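Below is one structure, written out as structure tokens; the observations come after it.
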Amino acid sequence: MKKEIASHLLEIGAVFLQPNDPFTWSSGMKSPIYCDNRLTLSYPKVRQAIAAGLEELIKEHFPTVEVIAGTATAGIAHAAWVSDRMDLPMCYVRSKAKGHGKGNQIEGKAEKGQKVVVVEDLISTGGSAITCVEALREAGCEVLGIVSIFTYELEAGKEKLEAANVASYSLSDYSALTEVAAEKGMIGQAETKKLQEWRKNPANEAWITA
């Protein structure tokens with residue numbers, strides 16, 4: 001499953017690997033990878049494979065789920081498809097409460113005591129997913145965990161999720177993606193080394209000259 005999804009993401013350009021010409025993230029950090037899972041919305045076969053995979057993860061790890069919650073905005077569509085497949089209620093969670101109307105942060109019903117699974121598109125440092133989890137917990141929901149399309153497997157993300165006491169499972173990850181990219185001839189040994197070094201310590205730009 002991990003390599004299949006990784007292959008899909010590479011084929012449609014949802015993930016770019018540029019170890020020799022790094023991207024600059026909004027945080028200012030240099031990165032050899034850029035992920036835009038919103039592109040999956042435009043490819044029916046890919047998004048169907050993702051929805052099926054997320055459903056499988058949820059049934060395996062969180063079988064008692066009662067509500068599917070999407071993170072705004074990238075997780076909303078995938079949460080909708082998954083909730084439809086599972087015939088479950090769905091809601092989505094904003095990064096912060098609206099400044100007008102009812103001032104909702106959670107849109108749709110997520111009632112006190114309900115068991116919720118969060119659908120996220122990407123786990124980087126885990127910040128947006130944890131914000132979603134905290135909002136649901138404040139509303140009295142029991143958050144069973146998070147499922148996502150892809151994770152960078154960063155230690156910072158793992159630590160934040162552990163600190164928030166929330167389980168997280170992804171369809172694919174950085175390790176599988178780099179392996180598939182190498183198998184497809186998209187990167188060579190030198191590029192693979194840079195990618196491996198970046199993941200060990202993203203904040204240390206020494207990987208650029210590795």
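Cβ coordinates are placed from backbone N, Cα and C, and glycine is handled just like the others.
Pulled from Swiss-Prot:
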- ARG94, LYS98, HIS100, GLU120, ASP121, LEU122, ILE123, SER124, THR125, GLY126, GLY127, SER128: 5-phospho-alpha-D-ribose 1-diphosphate binding site (BINDING)
- SER124: orotate binding site (BINDING)
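Counting other CB atoms no more than 10 Å from each candidate's CB, the binding-site residues ARG94, ILE123, THR125 peak at ILE123. With a cut-off of 8 Å between CB atoms and residues at least 6 apart in sequence, the same chain places THR151, TYR152, LEU154, GLY157 near SER124 (orotate binding site), listed in sequence order. The Cβ of ASP121 (5-phospho-alpha-D-ribose 1-diphosphate binding site) has ASN37, ARG38, THR71, ALA74, GLY75, HIS78, SER148, ILE149, PHE150 as same-chain neighbours under 8 Å, each 6 or more residues away in sequence. Packing around GLY127 (5-phospho-alpha-D-ribose 1-diphosphate binding site) is summarised by its Cβ count: 13 other Cβ atoms lie within 10 angstroms of its Cβ, all protein chains included.
Under DSSP, ASP121 (5-phospho-alpha-D-ribose 1-diphosphate binding site) is assigned to a strand (E or B) in the three-state scheme.
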